[in-house]
Structures are given as C-alpha cells and as structure tokens.
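What TrEMBL lists as transmembrane segment is 7-25, 31-49, 61-86, 156-175, 208-233, 253-275, 287-309, 321-347.
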Amino acid sequence: MNKLARYIIICAVCAIVIFLVWYFSSILTSILIAAVLSLIGKPLMNFLSRVKIWKFHLGNSLSALITLIFIGGLFSMLIIFIIPLIGRIITEMSNINFDEIHQKLSIPLMKYNIMLHNLFPTMDHSVTLESMIMDQFKGILSFDLFTDAFSSVTTFLAHFVVSAFTIIFVTFFFLKDNNTFTNMILAVVPTRYEDNTKRALESIYKLLVRYFTGICIEAFFITVLNTLGLHFIGGVSLQLALVLAFLSGVLNVIPYIGPILAGAIGTIIGIISHLGGVSDPVIGSLFIKLVLIFFVTHMIDVFLFQPYIYSNSVKAHPLEIFIVILLAGNIAGILGMLVAIPAYTVLRVFAKEFFSNFKVVQKLTDKITTS
C-alpha cells in the first residue's frame, strides 16, 4: 500500500471517529462524568474494600454501592439545603428598592461626582457615578436574567435526570472494577501497543485520582474559610454564608475566572442581604470587608492550596500549568480551562510512553513515573 492510500485511510478513520464522538457526545459525556465521579470516590472505595468486620470483608460490589450512596447523599443534601436559600435570595432580589439604594449611594459618592464633572466639564450633570452603578446593578439583577437562568437550570436538570441512571450505572462498575475503563480503551488499541497503553492508563489513573481528590479538598477548605469570613467578619447570616461560600468553592474549580465570579456574586448578594437596615457609611465598609474576605481566601488558595494540588498532584511545573490553562481558555473558553489540566495530564503520560525519544517530551515528563 502506497503512502497516499495510507494517509487517505488514516484521514477517513479520523473523520469517522470525530463524527461518532460528535454524534454520541451526550453518551460520552455521561461516561466521562461517571469516570470523574469514580475517580473522586476511589479513595473511599479503597478504604471500604479494606474494612474487615470479624471475618467478613465488604468486597468490591458492596464497597462500590456504599461509595455511590455516599456521593449521591452528599449531592442530595446540598440540593435540599441550597434550593430553599436560592429561592430566598431571588425573593430578596425581586423586592429590592432601587431608589433606596440610589439614595444610599448618592451621599458617599457626592465628592467623587464633583471631581468627575470637574475633570469632564462637558459631561451632562445628570450623569453620576451612582446612576452608572445602578444601571449596571439593574442589568445584573434584571428579571430576564433570572428567567434565562431558571430556564437554563430547568433544562439542565431535565437532561441530568435523563442521564442520571446512565451515570449511576456506569459509575458503579467503574468503582467496582478498576479495569472496566481500561478494557474499553484497550479494545480499540492495536495489540502491539497494549502494554504501553496499559502502563499509561495506570499512571493517568493515579495522577487524576490525586488531582480530583485535591480539587475536592481545595473546594472544601475554600468553603470553610469563606463561611467563617462572611459570617463572623462580614456579618452575613450563617445559612447565606454557607451558600455563598459553597458557590465560591465550586466556581473556584474554574481557574482564574472562577474566583473573580465568586467574589463578585458573593459581594453583591452580601450587600443585598444587608440593604434593609444598613446606613450609608456602612455600605462602603461592608463592600470593602466582603471584597477583602474573598481576596484573602483567594490568596491563601493561590499560595498554599494550588501549588500542592496543581503541581504535585499532576507532576507539572506551576508555570507550565499556567500556560496550558491560558492556551485552553483561548481555544475553548471556560470549558477549556476546566478540562485543561486533566487533558494535559493524559497527553503528557501518553507522550512519555510513545514519544519518549524526543527531548521536549523528556523535559516535560521527567517527573512522571509510569508503572
């Protein structure tokens, strides 16, 4: 077979694979979610499988079932706890008196308005800082925004309910048998590459278990820090502080953009929760407190949590991780930033197994040890 025919066949196979991935994207997404859940639950699964009650071992099946129930219970408790509070927040937002907020902002910002009009004498006197802030505020809290958000959440939940059975079923078998996912991959790999692929998958499995476990621990500590800060320093009610802190922990999974979104949402909702009885000067100090709480937590995360989780768990240099996340963000936006580190980990391990003769691969993968 000549080279041209070989290239044509390779291109045709790649095109078919890409089409199948696109066509069955919903099924593949469910399988990937199940794989991530199994990676998160694997430490508990391993612990339970070693538990011995008298002479009775729990076994893989029972351990997998208990782990699955534990993960499902956590999600259920979060939903039961958070949904009523989200409803309360939406109710509070719908009852906001924008005229009252405008009046509260006008006095502290008066001197800045004078400075603004002195700098720009031709500016219309009706244009003030508080009016610009209120325009943005109304845009953020518009009814259409909540309608669209509710519609998106409803659509997501409908799809999730349909996919839930698939995810639960696949997660159970991924937890029960370590080789399930490996065998699925090896089924489409040529026999001569099976050993390399098996070693690569074992290394990827270990690295990703550490990574996703670290992400969960990071989200937990951020939730705890922000809860304490918002409640004891910011004066936010404990229930609302827990919701905002949990949201910040979840959003923090999105590199760089997530903490900014969490801080903005938390600050706005924190101020709204105080609007009923807060005097004018206190609004400014409350704003500064809330911003500082999220900023300090983020700094603790950046300098304490992330170097351990992102660097040590996937065996990559922090600068390397930063560049990969930036590139992924430019290519695929927030979704790209979310999957950047796991995808890069997979690529590095396979590169070490199959292209270790290249110097650049040796430099990038020198910290990875394959089984």
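Heads up, the Cβ atoms here are built off N, Cα and C, so glycines get one too.
TrEMBL: automatically predicted annotations, no manual curation.
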Chain residues in Cβ proximity to the transmembrane segment (7-25) (below 8 Å; excluding those fewer than six residues from its ends, i.e. six or more beyond): none
Winner by Cβ pairs under 8 Å against the transmembrane segment (208-233), considering only 61-86, 287-309, 321-347: 287-309
Spatial neighbours of the transmembrane segment (287-309) far in sequence, C-beta under 8 Å, 6+ residues away: 211, 214-215, 217-218, 221-222, 225-226, 229-230, 233-234, 248, 252, 259, 262-263, 266-267, 270-271, 318
